[in-house]
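The structure under discussion appears below in the form of structure tokens.
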């Protein structure tokens, strides 16, 4: 039997539980990708409706209306206007929140004007009696010309009824529920005459929206239909009022709210969480809790992963026959995978907290509290989320800037976010701090090393704010400050939504950044295992004539080989540039290779030293580094001056290709990633230079 | 009595009057901030900005500069 497939688009305002409905319909049967050419996340899932029918469900980005004001919203319009798109829906499902029905129906009336079969989902129906709301469903279905499913996505109620409505989608009415063209009768009559075959509302959207249309070119429109921006805005204004009049009239009859039986927890929570003192105290404690989780709790699984990969490498080395392939696996691939997997606990903890804060509705309160103070630095209250996410990884953080309406504020947020201490810096910091700061407690509670780590985080945040201020004063961008934040109801976060979110975020990190790290590990192994000319190939013979054959001979050959390998040559050639910062050629190699991703620094040193000393594979890298001697001075290489210089270098330098790529995508220009690279890395070099010269 | 939105006392309600649509983003209209609708000032952030409103059953926050452009009429029984 052939299984039929229909396309469904899930549409709705933000904060209506659209994703919960999506999760209920598809379960774990989901895929996350990107729309071609842009970084907007594209979520699709499959839902089995009957034995011979399944639905491909597309979860479109949340939007308040079809008047797009952001990249995410453009996606919705571009899809709904293009009948030839392979994702063009057979059925549109508009998800609304029973407590915000009035506002949510605005989008619904616009979708109806597109003449797509549409189902109205009224979500959070379990809260109706709690809020004193009752609905006349047959009346609403008649007036809105649709079928309604009352759903409670938290409890999984009404999902079967919704599936039944989808199965019978061919009987859904497709005519609009109001005539919005009444706002300018003459204009729309002429438009209809000029394009008798097109939907009137589609034409209107083509005229007013600044998006790409595949099958209808703006240039085909006669100039008599173009209007000035002001006139268009006035018409859109009228259109919005017209739609609200209709909605108000319908709800006056179809919805009754008994205010006396409504309970209000919102104002009680708001009074505490948005209090001018307690609000900030609570936010500070939540931040502390998040940092505690990332540094302290995550270290347990991270140590375990670290040890597991060391044991795996020696186990594999014991089993496989000695040879080039074994070396590649043991010294290149296994440490490479280990270098990615070790970040999973931190990324998972951070996305867990952020998704809890967003699901509960608390994040909007933080935006409200922080907006005024962030604006002093040219940022927005909405920059708080990217800056917090930046402590895990700058890539999702920069993508989270999309809901900042003001272009200047958004650009500054994008440019300064990489200064916050991402988890890729953490292993670099951890190992250098362990080498130069004694593991002691002061005042019984504070560990000196932990203190140093905290200082590095503060330096990162401080630098982000200072450079934001500099950009705020120097960038001459005039953009209107549109700031509208919805304050959603407080909700108990749903386990399923949070869990799926954490898994998705972690997956996209492992397979996104992970690919680069993995590839580099293998390239590095190759560059370190091969070298040009006789000095590399005949290392043993050359040394045999100079040195006695004692127990140190093999190690000296390995070291000599590394020095003359390809990577040794690269490191040596940049030594003059980096020696004023206190680094030798081995650190130079690590810096060059970690240009693509910071965490590669530790992996490279591990590779370099495990190759140099392959008899002692499992001695930890920390011990190896602390024994290292600077050949120029004869002292320990990792002295405080070099260590602090390295810490500062990594705090400021733009050592992440993925971040540059995402900045290019999000700003749609090469200018801003170049600015980021030159400013950050230049600054890092100067600061590291000053620090080393003062301290040495 | 006609005043701007930021001049409302906390908890006070007013009816939105016509406003200059060049100063108010379309998105705010779409969230229900339309002439004739009731608006209540719920809370003001430290330093007087942004403002937290309930308008047409939508709960939202806007900045002071936008609030200054929106005039409201206070019904008689709401006058203090």
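Heads up, the Cβ atoms here are built off N, Cα and C, so glycines get one too.
The domain 'FeoB-type G' annotation in TrEMBL covers A:5-172.
Long-range contacts of the transmembrane segment (A:277-295) within the same chain, counting only residues at least 6 positions beyond its ends with a Cβ under 8 Å from a Cβ of the stretch, are 346, 349-350, 353, 357, 365-366, 369-370, 388, 391-392, 423, 450, 453, 457. What TrEMBL lists as transmembrane segment is A:277-295 (among others).
The transmembrane segment annotation in TrEMBL covers A:307-330 (among others).
The transmembrane segment annotation in TrEMBL covers A:337-357 (among others).
Per TrEMBL, the feature transmembrane segment maps to A:377-399 (among others).
Positions annotated as transmembrane segment by TrEMBL: A:411-437 (among others). Within the same chain, residues 294, 342-343, 346-347, 350, 377-380, 383, 386-387, 390-394, 397-398, 401, 404, 448-449, 452-453, 456-457, 460-461, 463-465, 467-468, 471-472, 475, 477, 513, 594, 597-599, 601-602, 605, 621-622, 625-626, 638-640, 643-644, 646-647, 650-652, 654, 656, 659, 663, 666-667, 672, 675-676, 680 sit at least 6 positions outside the transmembrane segment (A:411-437) and bring their C-beta atoms closer than 8 Å to a C-beta of that stretch.
Within the same chain, residues 291, 295, 376-379, 387, 390-391, 411-413, 415-417, 419-421, 425, 429-430, 433-434, 437, 647-648, 651-652, 679 sit at least 6 positions outside the transmembrane segment (A:443-471) and bring their C-beta atoms closer than 8 Å to a C-beta of that stretch. Feature annotation from TrEMBL assigns transmembrane segment to A:443-471 (among others).
When Cβ-Cβ distances below 8 Å are used as the criterion, the transmembrane segment (A:509-528) is approached by residues 327-328, 331-333, 335-337, 339-341, 343-344, 347, 393, 395-396, 424, 562, 565-568, 570, 593, 596-597, 599-600, 603-604, 607-608, 611, 657-658 of the same chain, each at least six residues removed from its ends. According to TrEMBL, the transmembrane segment annotation covers A:509-528 (among others).
Per TrEMBL, transmembrane segment is recorded for A:641-662 (among others). Below 8 angstroms of C-beta separation, residues 39, 394-395, 398-399, 418-419, 421-422, 424-425, 428-429, 432-433, 435-436, 456, 459-460, 463, 512-513, 516, 581-583, 587, 591, 594-598, 601, 673, 676-677, 680-681, 683-685, 687-689, 691-692, 695-696 of the same chain, each at least six residues beyond the ends of the transmembrane segment (A:641-662), sit close to that stretch.
For A:674-695 (among others), the entry in TrEMBL reads transmembrane segment. Panel annotation: around the transmembrane segment (A:674-695), residues 415, 418-419, 467, 580-582, 640-642, 644-646, 648-655, 659-660, 663 of the same chain, lying at least six beyond its termini, place a Cβ under 8 Å from a Cβ of the stretch.
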